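Going by TrEMBL, these are the annotated features:
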DOMAIN    37-134  domain 'RNase III'
ACT_SITE  43  active site
């Protein structure tokens, strides 16, 4: 998308947000949304989920909370979690993850391309479950996520 197109879309998006209305584009079911859009939502949900768990531990220093949260939301940790989840996923979820792994996005220097693609797939899966309203499945997946993050932590630090 060219700069002027992005600016025009941003202007329309601001107006739609202020007026609490949909943009005049055809609706898209969550399963068919762009993988990066799903990952955008999944990233936020995943981060909040883990921050709530960390806060509940009673850690008194925000520096420690931030350090743990940053590590647990890193592409390296999320890639580990994604790998651990494979046997728990349905075929439809695996298909969505495969599509999401292949989505184009810039890979940061802090992770390998494979780790980043795996983390994008995990975030897209979570975003899909959130947007599709699959609350029970989302909670089941997040319990497996939590167990995998604990396994990652034990492997790296204990």
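Backbone N, Cα and C define each Cβ position, glycine as well.
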Residue counts (helix, strand, coil, in that order) that DSSP gives for the domain 'RNase III' (37-134): 75 helix, 0 strand, 23 coil
Averaged pLDDT score, the domain 'RNase III' (37-134): 95
